[in-house]
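One structure below.
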C-alpha cells in the first residue's frame, strides 16, 4: 500500500504572510491525520520563511509519523538530534529559491551528506535523500548510507508538453527501479497535484508520496479533510 505524507509548510506560509499566529500548521497536521494521512512533513529552512523551530517541536508531538526536511548544516543536524523525527529527508537549499529547485548533488556534496547520515543513524534517526531521478544519484545515495530516497518529481509535473512529460516519467520510472534493486525505500514528491498523481500511482514500487502545496491549496477551498481524502482516493 502506497502512503501519503502531507507537507504543511504552506499553512505556515499563509501565517507568516501576515505575521500572525494563524493558521496553525499543527492544526492542519492533525486534520490531515484524521482524514487518513500516514505522515506529516515540514521543511525547516535556514531562513525560517515558513515553518519555525517551535512548529517543529509541536509537530513532533502531534504527528503519528513526523518527517523533517532539512539542509545539511550543523544547525539543522543539532535540531534533528533534539527533536528525533521519524525520518529526516536531506534536501539542498538556496536562499533565493521559491521552493526546492532540484535534488542533492551527491557527486559534489557526497562527503558531508554521508557524514550527516552517519550521525543521524548513530542516533537511530532514519535518513532519506531528496534526489533527481538519475540512476547515478540513486547509487550514490545507497553508497552514502541512506535507507531511502525521495525522487524529485518537479520536472515531470512542470513539463510543458506531453512528450516532455513522458520523457520525465520514464526517468522517474528508471530511478525507482534502480532504487528498488538496491533495497532502498522509495518515496516521491515535489509539485505533485490531483492530476499528475494519476501517472505516479502506476509506479507500484513507490512507498510514499510527499505532497503539500496542492493539498493545502485545495484545502483553502474545500477544507483539509476533503482535500486529503480526495488525494488518498487517487493514490489508493
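Placement of Cβ uses the backbone N, Cα and C atoms for every residue, glycine included.
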Legend entry - Residue from 36, 183, 191 that Swiss-Prot also lists as binding 3-amino-2-oxopropyl phosphate with 7, 18, 212, 213: 191
Inset, instruction - List, in sequence order, those recorded positions among 7, 43, 190, 191, 212 whose Cα sits within 10 Å of the Cα of residue 50 (1-deoxy-D-xylulose 5-phosphate binding site). - result: 43
Legend entry - Residue, out of the binding-site residues 191, 212, whose Cβ gathers the largest set of other Cβ atoms within 10 Å: 212
Inset, instruction - Could you check the recorded positions 9, 69, 150 and say which one's CB has the fewest neighbouring CB atoms inside 10 Å? - result: 9
Inset, instruction - Look at each of the recorded positions, 18, 190, and point out the one with the fewest other Cβ atoms around it within 10 Å. - result: 18
Inset, instruction - Round to the nearest Å and give the CA-to-CA distance linking residue 7 (3-amino-2-oxopropyl phosphate binding site) with residue 43 (active site, proton acceptor). - result: 8
Inset, instruction - Let me know the DSSP-derived helix, strand or coil state of residue 7 (3-amino-2-oxopropyl phosphate binding site), please. - result: strand
